Amino acid sequence: MAIYTVFGNPIAHSLSPQIHQAFAQQSGVELNYTRSLTSQARFRRAVAEFFRHGGAGANVTVPFKQQAFELVTYVTARAQQAGAVNTLVPLGYGQLLGDNTDGIGLVRDLQRNLGQTLAHRDVVILGAGGAARGIIAPLLEQEPSSLIIANRTEEKAQILVEQFANSKLQACRFYELAIPTGAIVINATSASLAGEKLPVAPTELAHATCAYDMVYGAQPTVFMQQAQQAGVSVMNDGLGMLVEQAGAAFQMWHEGAELDTQKVIQEIRERLVG
Ligand code: NDP
């Protein structure tokens, strides 16, 4: 049976095994998908050992996505732009292809929730960490009117703007943020995980049409509550993005697989609530 895994730390909470088993069932594939706890020091060796023992593919999550980017032989264009890898595909002879499916996962989930594309919309990303970096290029590909990156530490947002060098991009601190009327606001910070509010004025947030939190788990997240209190329509949390990025990874390993991601999102949501 083909063996897959997800490398991370912590990893016990990861929903990837359930999501990939559900995709496997949908596409009539038999696989065994495990969780691999490792450390910064052991990551490279753990990956090499996994593939030496016949691993058919792997995902990589926090905090190893940048290390994974550095160890692969080839990267896809979207992983190159993100500077991070979340999917490993063995090419034989010890060579690995690294992909990053986070951005496409977000775009698919956002567009399904919105019922329309992001073209000609103003989009605001809150946060400038690894998650924000991974979604900038896929969001720009959708041709929004503008893409504003607001962060607690402005320098990090500024670095992203310089790196992606696109006239639609702007950087600012949270307290300087002017949200365009009708904008889509995406929380790509980890503040909700720590139960912390973001320092965005409710009067500013109120200009947005809808809000999306990439963090998933306990609903509603702190950010979703902030947005609701400002009268902004709130989409689901990041569970849809998680399932969509997993779907795109599954399709890297099983070319042509047709997946009903919506069904898997519903199943996992029911299990989380139950
Ligand atoms: P990083 O540690 O790389 O970045 C964290 C970001 O959050 C930084 O911009 C940081 O600001 C900001 N931040 C943290 N705490 C606060 C706070 N209290 N107030 C304001 N800003 C804060 O994390 P990642 O970018 O890798 O991940 C961010 C989140 O995205 C995670 O919670 C993760 O769960 C989620 N995620 C979800 C995915 C999904 O599939 N749904 C996929 C990938 C990520 P500063 O720069 O000032 O420190």
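Note that Cβ sites are derived from N, Cα and C of the backbone, with glycine treated the same way.
Bear in mind that TrEMBL entries carry predicted annotations, made automatically and left uncurated.
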Record-annotated shikimate site (TrEMBL): member among Tyr175, Tyr212, Tyr216 besides Ser14, Leu15, Ser16, Thr61, Asn86, Asp102, Gln245: Tyr216
Binding-site annotation, TrEMBL, NADP(+): partner of Gly127, Ala128, Gly129, Gly130, Ala131, Asn151, Arg152, Thr153, Glu154, Glu155, Lys156, Met214 in Gly98, Gly182, Gly238, Gly240: Gly238
Recorded positions whose CB lies under 6 angstroms from ligand 1, from Ser14, Thr61, Lys65, Gly127, Gly129: Gly127, Gly129
Gly238 (NADP(+) binding site) versus Ser16 (shikimate binding site) - Cα distance in angstrom: 14
Per-state residue totals over the domain 'Shikimate dehydrogenase substrate binding N-terminal' (6-88) - DSSP helix, strand, coil: 35 helix, 18 strand, 30 coil
